[in-house]
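What TrEMBL says about this one:
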REGION    257-278  region 'Disordered'
DOMAIN    394-552  domain 'SSD'
TRANSMEM  395-414  transmembrane segment
TRANSMEM  426-451  transmembrane segment
TRANSMEM  457-478  transmembrane segment
TRANSMEM  499-521  transmembrane segment
TRANSMEM  527-552  transmembrane segment
TRANSMEM  964-984  transmembrane segment
TRANSMEM  991-1010  transmembrane segment
TRANSMEM  1016-1041  transmembrane segment
TRANSMEM  1062-1081  transmembrane segment
TRANSMEM  1087-1114  transmembrane segment
REGION    1180-1207  region 'Disordered'
COMPBIAS  1181-1196  compositional bias 'Low complexity'
Amino acid sequence: MAGPPPLGELPPVYTPPARSTAPQILAGSLKAPLWLRAYFQGLLFSLGCRIQRHCGKVLFLGLLAFGALVLGLRVAVIETDLEQLWVEAGSRVSQELRYTKEKLGEEAAYTSQMLIQTPRQEGENVLTPEALRLHLQAALTASKVQVSLYGKSWDLNKICYKSGVPLIENGMIERMIEKLFPCVILTPLDCFWEGAKLQGGSAYLPGRPDIQWTNLDPEQLLEELGPFASLEGFRELLDKAQVGQAYVGRPCLNPDDPHCPPTAPNRDSRQAPNVAQELSGGCHGFSHKFMHWQEELLLGGMARDPQGQLLRAEALQSTFLLMSPRQLYEHFRGDYQTHDIGWSEEQAGTVLQAWQRRFVQLAQDSLPENGSQQIHAFSSTTLDDILHAFSEVSAARVAGGYLLMLAYACVTMLRWDCAQSQGAVGLAGVLLVALAVASGLGLCALLGIAFNAATTQVLPFLALGIGVDDIFLLAHAFTEAPSGTPLQERTGECLQRMGPSVALTSINNMVAFFMAALVPIPALRAFSLQAAIVVGCNFAAVMLVFPAVLSLDLHRRHCQRLDVLCCFSSPCSARVIQILPQELADRTVPVGIAHLTATVQAFAHCEASSQHVVTSLPPHAQLVPPPSDPLSSELFSPGGSTRDLLGQEEGTRQKAACRSPPCARWNLAHFARYQFAPLLLQSHAKAVVLVLCGALLGLSLYGATLVQDGLALTDVVPRGTKEHAFLSAQLRYFSLYEVALVTQGGFDYAHSQRALFDLHQRFSSLKAVLPPPATQAPRTWLHYYRSWLQGIQAAFDQDWASGRITRHSYRNGSEDGALAYKLLIQTGDSREPLDFSQLTTKKLVDKEGLIPPELFYVGLTVWVSSDPLGLAASQANFYPPPPEWLHDKYDTTGENFRIPAAQPLEFAQFPFLLHGLQKTSDFVEAIEGARAACAEAGLAGVRAYPSGSPFLFWEQYLGLRRCFLLAVCILLVCTFLVCALLLLNPWAAGLIVLVLALMTVELFGIMGFLGIKLSAIPVVILVASVGIGVEFTVHVALGFLTAQGSRNLRAARALEHTFAPVMDGAVSTLLGLLMLAGSNFDFIVRYFFVVLTVLTLLGLLHGLVLLPVLLSILGPPPEVVQMYKESPEVLNPSAPRAGGLRWGLPPTLPQSFARVTTSMTIALHPPPLPGAYIHPASDEPAWSPAATPAANNSSNLTSRAPCPASE
């Protein structure tokens, strides 16, 4: 007896069977959609056949193309600048930021380094001498930091920001001031003499010890130097700044310190100071007028008595200001200390970064671990380091994730029968997806799309999980190819059946991510575009390259080689199966998808002409189902997939070289067929599913009300780190933000002074703006400018009244009086610039408190040059900067009268402090108030905008929810259109979109219960969830459309053939996401792993549970209805009758028929597999008595056998 041909080998006389032997009639209006899908699937069939014929070439060229794109990763740029990542592209904020950078440059005026001291025992008071001395210890350690770079030593005094160093005519005093001028350090220690210890400058004068701020008494020094130098201008400068005795006149924290000066108030009494009383109202730097540090900048967690007196505080803060890299570069450019090192701005930035890192390290270690206080240190470089670490690719996690996916793909595709196993296909598929992800990212780099933390931390795993879904789908379809499919058409058959599903999911994913790019945050727009491109590369790899892998694996199976170890022959290749004749009555032979075994009565007679026995079944037959549940009998009889065929050999007594164990015969398709679908599609189960999903929707709607806006920096920094501890303490105790009100060019400042004052007043009245103390001068340049003019006007009036200044001379007057003299004679007319008659008729500030417009820009030049401390305190940042002009009281040439006017201002700013901003709603309220104030000023002709970190990073929340709803709505519409076009069934597309909308709403509500706040990142995930959800729904919907029978039957068929690939795809996605759970960043875990895991679980719930139930109730009609034209009666599975499956007999039979009873399998022309190619039905009858001679008609229910020899 000849054995069967090898697997995949065709018999010599093989004739390809017709695509459909069943008479199928297209359902009504669905002929055009089916024709279009047939045409599309025909193209895919042709593509698959060509790929199979040239699989080696296709694989080589595909790997070559993807490998070339991977090289693009060499030019990838990782963006870590917060402004570039989070400021809305094209928004007013980005335009304002660009305007600011055009006028002031890229760098800010200074960078901040902060120390926060808190007690280890929560609630403990820090306003004690002991706590202040510990703060001094930490601050002193930090201030003494030195780093050595480029052969030079860099300390705080060289790189710190110094506010308004004055220009002095006396060279000796100027050099001394340059060495002694203090750094700007905002610290509670400035209320005490110990604050001087943080200043590192020193100067030397003959006959005196080294002059430092710890022993410098400016008043005494001026008295000692008075006889030797003319210091009148310097004395006036100190008096205006209210320097007084500087630090030596302040109390000592430790009166027993031997260096405590005798001028300290508590030196003689030796009593510790009342810290709360000294810190009440804030502290001052060396200048009482221009350097006032408010309480809110120094103390956190303050408590007061009913009278408002400060009693206690829970935190102390000191802030060290450093120069920006550009300032440091300009400061030392041309200096003798840097002339030999090729000094550059990049080197200046390196020096600052090295000093800041050392500062943080030493400050954090300055106090003992077991002490009662703890120090938290932070710098701008620390934040940059966090972002760099956040953006680095974790090679271990990426490798672990892909190895885990390789193992899962290999194990889930292994079979006991080596020839049917696909472990190597799984391995190759995962590696192909990894290559496609890398090539997609390389293409993004070549297109100039910058990478960011989301790209490096999330996208590789998310893309892996999504890409492997289609690998599993094609692999499952390849194993379930009809047994009669020719070998050379296997790949084409696979693509034509599952290609539309792959195309539908991939296109929807790409559309989803492109729609997510509507979120105008650059980091997330880049992430969305990169994800869309990566999905596109995955789609190309799955549709073009992976079929070549399947074709090569088919060749291995045809050659009976082992899986994975394809060099060895399979031990199952010599299998011999012996079926005994008497077993025919018990054997069920799989044909197609559904097989019904019944004992029927057949009629046979012998034709003398052909010497054959003809056994026939009557044409008019009715199928009567048994009384049992049709879902467990008719629908779920053994299936026809390759895996099921192998699992159904247990019922035969066979002798095989390889026999699979019982555990290997169970699979997901078996579970879906025999357990899951019969249970799910029962009436009471459907009701339970609908009720539970409705309850979940109700809870989600409630949870949606709990979702708050916001993304705190503490969510991004890893928990348990020192940086996280600092940010938590800062958010709790020092929620202060420096902002500025910027006025632009395009209007006349000189004639808009009243509008500028009104704008400042409106802005100051905002709830979030920290009001200055009553004793402090206003913190705007216009106030400082006006106050200075009023001061020199008062000096002039006094000198004029006393006769020291006359119409013809000012040399006997004061410095301020002389300055006023020169300003009062200015006319602002270039033809006649001077008018001495104005000395007594004009005032520098009129009765309304306004500066005469003709003097505005001339006086601005004089103020900027003569009052550097006031200018620095105002933080005006004028552009264009007024020209330098040096006042010389004794210049008799008259040239000093000609004062150059400043150019019209194009940029100036009013600084403010915002406080009490804890929640995103607080930020939004402050932003709306600031914008309203600027809009009102615009009506008066003043062009202004607010600037600062709250406006950069929180303004997105003003329209975030509107942007989110718009993107989701557009995406749902696009998804409906894509599904309707590819499925050619708007009814099914509508159900899919309904389920996707439910998923999005429920995911949003679950975020509220999990405490995940809404920011641009969850918005991107929510928008992308619509596309990702298509992976779980469209396969079931497509299977439902292409199946035949009742809604229950079609829903069951769809589940049977899609349950396994959808479940494998979900597990693969979860495995890809699993690596995110091991991230050091809690932000990645909460905002990506948790949200995407919930999305995957919701996708499984809705795709495999809710959608089949909805389809079984509200599903669209089938595209193909199977009918027998000889009998108008259609199969009716809902009509139960007693007995089994029967064929009814006609009342009369031909006399030549002899009655014979036999047991045989009747193939009832089952519907094609979901997604199978559909051919229009032929008009020829399937069976008729006249067709009996057609012996080869496979649709004829006849069998022929040789007649026995006549005796």
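Each residue, glycine too, has its Cβ placed from N, Cα and C.
The average pLDDT for the domain 'SSD' (394-552) in the predicted structure is 83.
Proximity of the transmembrane segment (991-1010) to the transmembrane segment (1087-1114) is established through 3 or more Cβ-Cβ distances under 8 Å for residue pairs spaced 6 or more apart.
The transmembrane segment (527-552) makes no contact with the transmembrane segment (1062-1081): fewer than 3 of their CB pairs lie within 8 A, with pairs spaced 6 or more apart in sequence. The list of residues near the transmembrane segment (395-414) in space but at least 6 beyond its ends in sequence, with Cβ under 8 angstroms from a Cβ of it, reads 421-427, 429-431, 434, 460-461, 464, 468, 471-472, 475, 563-564, 1064, 1067-1068, 1071-1072, 1074-1075, 1078-1079. Long-range contacts of the transmembrane segment (426-451) within its own chain (CB-CB distance under 8 A, at least 6 residues past either end) are made by residues 63, 65-67, 69-79, 84, 391, 402, 405-406, 409-410, 412-413, 459-460, 463-464, 467-468, 471-472, 475, 526, 529-530, 533-538, 540-542, 545-546, 549, 564. Shown for the region 'Disordered' (257-278): DSSP residue counts in helix, strand and coil, namely 4 helix, 0 strand, 18 coil.
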